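Some notes on the structure that comes next.
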Amino acid sequence: MQDILLIKYGELALKGDNRSFFENKLIKNIKHALSDFKEVKVEKTHGRIYVECDGDIEEVIERLKKVFGIVGITKAKKTDLNLDEIFKAAVELMKGHEGKTFKVETKRPNKSFPYNSMEVSRRVGAAVLKNVKNLKVDVHNPDVLLNVEIREMAFVYAGVIEGIGGLPLGTNGKATVLLSGGIDSPVAAWMMMKRGVEVEAVYFHSPPYTSERAKDKVVDLCKVLSQYGQRIKLHVVHFTDLQLEIYEKCPPKFTTIIMRRMMMKIAEKIAQKNGSMALITGESLGQVASQTIESLYVTNASVSMPIFRPLIGMDKTEIIDLAQKISTFEISIRPYEDCCTIFVPKHPATKPKLEKVIEAEQKMEYQKYIDNFEEEVIEV
């Protein structure tokens, strides 16, 4: 008898002709997540993905809970085609469910097995009732469904541990996220990763107005995001000179929106150079002055690349809840200013007109900064 995990996936099963592509990518991502477990084996048989574990199964489960594309993880036992072994496996699995109701459900694709599905279910149920205290059978609405599958081997499993869901990372191209160090942008990156998008990150650094600790905070956020399946390339752009140019030469009410437009232009250049097909931001409609629908329209007009804003309809409390769930919140609230919080005007324009903003931009020579920005690349 061997402990294994049965991996359940949702949307992948709906992908038609591309199903094998998604399944193979998921298997590759599972192997990557478990690469330092020498005793783990991953395989796909009968349309199922199995993970065989000889070591710490709980630690393996914790890793798998961060693999996008997995909707459920089920602890299972693989045994020989022997009723006594099947009974033993069923009893072990049900020992954690005392006081509950259960039902046994058997599938028997292997028709050479001498007992039919009903007989296997009946015998397994009797063995469980005999050896596990305080259990009752409920065939209509059981607390626990105990499954038995009779194939070339027998598989016995019960209960499901919730996975993270989504699509396997790497199945939907690559995008570049503008990562500020605040609460919102890492959540936006995570949400796009959940839809199968690989991400790179751009952080705008403005020393001496922003400290090295602010940059370290962004590096730490990338480390957390990388736990969900990929190493993240962080592009640190030195933004001080361009930010001072904006502050000194542009009307105060437009400095925030112009700064956002310059960031977009630089991020687009980095994205194009590195094979990204879109930008990602953590903007939520109406949250601050630069996130009104008019401001977002003006920001969009600065680039030709699509801009994804997965948080656009979320409340701040919803964003914070998700940040706490994915373990970025405590890092994001470290008290170190980023470049978006310096030189903030008292009365920023909330309904800027594109032509007025472009006119204001002409007061400075911004193109030389965009063409010759200083960049540091950190792989996390």
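Counting begins at 1 with the first residue displayed.
Heads up, the Cβ atoms here are built off N, Cα and C, so glycines get one too.
These features come from Swiss-Prot:
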BINDING   Leu178, Leu179, Tyr203, Phe204, Arg260, Gly282, Gln291  ATP binding site
DOMAIN    58-162  domain 'THUMP'
Exercise for the section: Could you say which of the binding-site residues Leu178, Leu179 has its Cβ with the most other Cβ atoms inside 10 Å? Expected result: Leu179
Completion exercise
Filtered by Cβ under 8 Å and at least 6 apart in sequence, the residues in the chain of Arg260 (ATP binding site) near it are Ser290, Ser295, Thr299, Ser302
Practice task
Quick one: give me the count of other CB atoms within 10 A of the CB of Gln291 (ATP binding site).
Solution key: 21
Completion exercise
All chains considered, the count of other Cβ atoms within 10 Å of the Cβ of Tyr203 (ATP binding site) is 27
Problem - For ATP: widest Cα to Cα gap among Leu178, Leu179, Tyr203, Phe204, Arg260, Gly282, Gln291 in Å - result: 19
Fill in the blank from the handout: Neighbouring CB atoms within 10 angstroms of the CB of Phe204 (ATP binding site), all protein chains considered, total 27
Problem - Structural state of Leu179 (ATP binding site), classified by DSSP into three states - result: coil
Completion exercise
Taking all protein chains shown into account, the Cβ-based neighbour count within 10 Å for Gly282 (ATP binding site) is 25
